[in-house]
Amino acid sequence: MTAHEVNFDGLVGLTHHYAGLSFGNEASTRHRFQMSNPRLAVKQGLLKMKALADAGFPQAVIPPHERPFIPALRQLGFTGSDEQILDKVARQAPRWLSSVSSASPMWVANAATVCPSADALDGKVHLTVANLNNKFHRALEAPVTEALLRAIFRDESQFSVHSALPQVALLGDEGAANHNRLGGEYGSAGVQLFVYGREEENEIRPARYPARQSREASEAVARLNQVNPQQVIFAQQNPEVIDQGVFHNDVIAVSNRQVLFCHEAAFARQKVLINQLRTRVDGFMAIEVPAGEVSVSDAVATYLFNSQLLSRDDGSMLLVLPRECQDHVGVWRYLNKLVAEDNPISAMQVFDLRESMANGGGPACLRLRVVLTEEERRAVNPAVMMNDALFTALNAWADRYYRDRLTAADLADPLLLREGREALDVLTRLLDLGSVYPFQQTGAADG
């Protein structure tokens, strides 16, 4: 059956700021306390979406979350009206305020893991929400992510959205950032590659930075998504590259159809994995980048592998890259050599995503890949699909509500909370989502 890959990109939230919350993510740590520009950030993302949609790659949007997230502060023991809580936490525990104000939901590669209908035992599209329990600020996301996905993929005859795994370290799940699908045509059955950093009985794990994804979680997600067991491979990421800042597999590898583009040091037992894929995937091609041409540290600094690999109608592939790749002499030299060689990657497109990149999120972090047949695509909430009208409306919305500068100190401003809630109220109507945010369901206690 004919199917296409649709990229659902996350909209950057109104509280996008640099707080260094993500240990193991070196860009996040390096840019801590710098001033951010939320309006520029959301527009950089919108420009990427629109440019790819105009080039014929189907695009859709996933909204940001409610931030600052007052319910989490109430769970931590802060009391009073919303405004009183903001004041208390800013004075007593400002790091908590930064955590509950993180715009990290924009990196929707961590929102869920997706199984196309061609791979599922029941013939439906499955999405399992990620629990993201390695980081407090990200562990807050799962309930609202689930509500948003149910509002977008609302036809239960076509889609099954599964709640996140239990919030325990044993079942740490980071979503599609640790998942690849390889095969021929999108509508044909493929091989799903689940990548983990640790497993309970295995002493091979990183020493410096945490391995966020467990094998136990990957296996549970594969079961929930009803992936045909004959179409699954579980592989461990190289713990040495995790210790060099490769906190998700999509920082060191990206796949599309029959191509796996990765660093030569991406996986533990990489030769064994490549041979498995060669046996299981017709026409499989591994493009392994040697350390002599691009070091792991340069790959992390430029996010070379946090790129999007997209199929064009003629069968060739487009590599969507952050500007940092173009700015790095060695990486750019390698990329120009790559597209001149005999392989499906024949073109590159560079985007300025510096606001997201400074927090450790490149082009691939900002999108969730969902393979859909035409019938399934028609069943998606049409209001989230990117087109000229939505692009214009979202830019006007951003101009109205987003600030052009934000620091950690600004997060205590009660006006920012009110601006955010008003913006999300408007957005849910624009995208026909219903009342998906807690403040819409309970009413806001502004005091």
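Each Cβ is built from the backbone N, Cα and C atoms, and glycine gets one as well.
Predicted, not measured: the structure shown is a model, and the values here were computed from it.
If you look up Swiss-Prot, you'll see GLU174, HIS248 marked as active site. What Swiss-Prot records for CYS365 is active site, nucleophile, and it gives sequence analysis as the kind of evidence. Per Swiss-Prot, the feature substrate binding site maps to 19-28, ASN110, 137-138, ARG212, ASP250, ASN359.
In this structure the alpha carbons, written CA, of ALA19 (substrate binding site) and the residue listed as 'active site, nucleophile' are 18 Å apart. Its Cβ taken as reference, ASN110 (substrate binding site) is surrounded by 28 other Cβ atoms within 10 Å in the chains shown.
In space, GLU174 is the closest of the active-site residues GLU174, HIS248, CYS365 to ARG138 (substrate binding site), judged by Cα positions. Annotation for ASP250 (substrate binding site): same-chain Cβ neighbours under 8 Å, separated by at least 6 residues, are ALA109, ALA176, ALA177, ASN178, PHE305, ASN306, ALA364, CYS365. Rounded to a whole number, the distance between the Cα atoms of HIS248 (active site) and LEU21 (substrate binding site) is 16 Å. Note on the recorded positions ALA19, LEU21, CYS365: the fewest other CB atoms within 10 A surround the CB of LEU21.
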